[in-house]
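Student: Take a look at the following structure, please.
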Amino acid sequence: MQHKTQLTLSFLLSQVLLLACAEDLECIPGFQQKVFYIEQPFEFTEDQPVLNLVFDDCKGNNKLNFEVSNPDFKVERDGSLVALKNVSEAGRALFVHARSEHAEDMAEILIVGANEKRGALKEIFKIEGNLGIPRQKRAILATPILIPENQRPPFPRSVGKVIRSEGTEGAKFRLSGKGVDQDPKGIFRINEISGDVSVTRALDREAIANYELEVEVTDLSGKVIDGPVRLDISVIDQNDNKPMFKEGPYVGHVMEGSPTGTTVMRMTAFDADDSSTDNALLRYNIIKQTPIKPSPNMFYIDPEKGDIVTVVSPSMLDRETMETPKYELVIGAKDMGGFDVGLTGTATATILIDDKNDHPPEFTKKEFQATVKEGVTGVIVNLTVGDRDDPATGAWRAVYTIINGNPGQSFEIHTNPETNEGMLSVVKPLDYEISAFHTLLIKVENEDPLVPDIAYGPSSTATVQITVKDVNEGPVFHPNPMTVTKQENIPIGSVVLTVNATDPDTLQHQTIRYSVYKDPAGWLEINPTNGTIGTTAILDRESPYVQDNIYTALFLAIDSGNPPATGTGTLHITLEDVNDNVPSLYPTLAKVCDDAKDLRVVVLGASDKDLHPNTDPFKFELSKQSGPEKMWKITKINNTHAQVVLLQNLKKANYNIPISVTDSGKPPLTNNTELKLQVCSCKKSRMDCSATDALHISMTLILLSLFSLFCL
């Protein structure tokens with residue numbers, strides 16, 4: 001009953017609107033009412049009229065045909081809009097396109113709620129506080145115009161008409177706004193006399209959906225005498241845009257063994273058509289799946305949301321039994337709610353089946369063999385395993401552990417990152433004489449933990465049998481290095497040390513002979529049979545071959561194997577110092593001016609190659625001076641230095657001053673030497689010693705001459 005009342009009201013309103021304007025309007029081709037508002041019913045009933053549309057091409061409606069945007073509706077020959085089946089959801093609007101031999105037009109039917117309808121009717125009829133429908137007299141009547149997009153030529157094409165109820169001689173219509181005199185210019189124009197509005201080219205709703213124009217009436221001089229009045233032109237959407245997937249590439253991941261119905265990813269397409277119409281109502285489907293094993297229908301896509309979910313049992317989603325862990329789905333998105341008349345866009349979704357650790361690693365055999373020479377380190381065997389999980393993941397990568405047979409930590413095992421093999425290495429040299437065989441127990445696991453219902457089994461452990469091969473090892477000195485302390489200057493032929501070397505190859509019963517390997521100073525020899533080291537020269541602690549009082553020599557111990565093996569021993573001899581070096585004096589030359597006021601000639605220093613206490617304090621002395629007057633003296637400054645002082649100015653000449661310096665050794669050693677003194681003439685800060693070379697006065701020579709005279 002409510003539905004019939006609604007239809008009657010709509011029909012009456014349309015008729016009232018036509019009657020209200022009839023006396024002012026001439027016949028205008030097209031729908032006599034272009035916009036309808038109907039209240040959303042619970043359901044549109046099949047074959048039940050919804051409303052009545054009136055179309056008139058003013059020439060008899062010859063070959064009149066109606067098209068409805070929703071395929072669930074049609075328009076009868078008499079203009080009645082009816083549903084072809086019971087429809088509960090028709091969207092927010094329906095569009096009816098009518099075409100005859102002489103005209104075509106578009107009507108819009110807006111489906112609104114009760115409150116929306118009341119507001120819409122009030123807007124149409126300008127009801128202000130009562131339920132009457134008064135006729136409003138207007139000089140310019142500019143009803144909204146609806147134009148389908150993508151119309152075909154010819155152009156210009158008449159799309160509507162503006163009329164004026166009050167005729168004025170010479171009055172003209174003028175149209176302005178976006179699409180006329182504003183960019184994009186020249187789309188619409190109006191016949192200034194008749195008021196016919198025409199479009200000059202096809203429209204694109206996706207570019208501009210609505211145009212708001214203004215109509216004015218001017219006199220012959222161009223002065224506005226009526227208006228402006230707003231003229232709304234709406235572009236009616238056509239299904240001219242197929243859905244597009246813009247967010248690719250589309251890649252989804254799902255874990256193997258996932259429950260049926262697990263969501264993998266969402267595919268979303270975009271349609272540029274009117275979202276309030278079926279032109280942009282999308283439905284999704286899977287067009288193709290590659291590969292098709294183990295099932296051609298591994299996945300399902302929600303037709304409305306685009307969610308891709310798994311539809312096979314967890315056991316079929318087994319990565320290790322699949323032909324490939326990658327599936328490609330061609331996804332289609334069709335507008336018009338998925339009906340055949342819709343346009344389709346496609347995209348490819350790539351789904352990767354991710355691995356979980358549901359297969360433990362297993363050794364390819366229970367026992368591995370390895371052979372290694374004693375004394376050698378490095379990789380001795382590669383342990384191979386198999387794992388059906390995804391390579392290069394933590395579910396595949398192996399971790400090896402030695403769980404028995406390695407108490408001395410002589411072995412280590414590491415994973416080869418490329419082959420996943422276990423590389424067993426000797427890191428501490430093995431000794432054949434201690435143990436010729438080793439047995440290791442090794443387990444293998446994955447980096448990632450196994451899934452809860454899977455465990456490591458017996459195949460995840462293996463035994464490695466290692467055989468150590470005997471080799472001829474060189475003799476070993478005990479101890480090494482060897483140390484001994486000796487005084488320097490011991491007699492040639494003295495015994496320094498008897499060395500001891502043994503052969504590790506105890507089962508071979510070999511003999512050992514000795515030889516000198518490195519003896520930098522050539523001081524030593526060794527008995528080749530018993531290893532006694534003796535001196536062949538004097539040991540000198542002050543020799544450049546001695547470093548920090550230690551002399552180092554190397555000796556060889558050679559066994560009788562075939563080929564013979566050699567061991568090297570190092571001998572460190574610490575040399576104790578004896579007082580075998582006299583002190584030395586420096587400097588040995590001094591110069592002084594013949595008129596010098598400061599008669600302190602020079603400070604002398606002494607040094608000794610020996611060690612304390614065979615060095616300082618030193619004793620400085622002058623040899624006895626003869627003659628009527630003493631000419632110089634020497635004074636001690638400290639333990640290592642003394643000062644020579646003239647007692648009077650001397651004439652320009654060369655003098656040799658006899659000096660003795662004695663160390664503190666027991667017994668002490670004395671060095672008798674001479675200090676050469678040059679007395680020079682000094683003028684204007686220049687010292688001239690050239691003439692002194694001709695004068696050599698030695699106190700010793702003077703004494704000898706005088707002694708000879710007295711003896712005659």
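Heads up, the Cβ atoms here are built off N, Cα and C, so glycines get one too.
TrEMBL entries are annotated by machine, without manual review.
From TrEMBL, here are the annotated features:
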SIGNAL    1-22  signal peptide
DOMAIN    172-245  domain 'Cadherin'
DOMAIN    246-363  domain 'Cadherin'
DOMAIN    364-477  domain 'Cadherin'
DOMAIN    478-585  domain 'Cadherin'
DOMAIN    584-695  domain 'Cadherin'
Student: Note the mean pLDDT of the domain 'Cadherin' (364-477), expressed as a whole number.
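Tutor: Here the predicted model's pLDDT, averaged over the domain 'Cadherin' (364-477), is 94.
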Student: With helix taken as DSSP H, G or I, strand as E or B and everything else coil, how many residues of the domain 'Cadherin' (478-585) land in each class?
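Tutor: Split by secondary structure, the domain 'Cadherin' (478-585) comes out as 0 helix, 50 strand, 58 coil.
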Student: Under the DSSP assignment, what numbers of helix, strand and coil residues are found in the domain 'Cadherin' (172-245)?
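Tutor: Summed over the domain 'Cadherin' (172-245), the classes give 0 helix, 38 strand, 36 coil.
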Student: Tally the residues of the domain 'Cadherin' (246-363) by DSSP class, grouping H, G and I as helix, E and B as strand, and everything else as coil.
Tutor: 12 helix, 48 strand, 58 coil
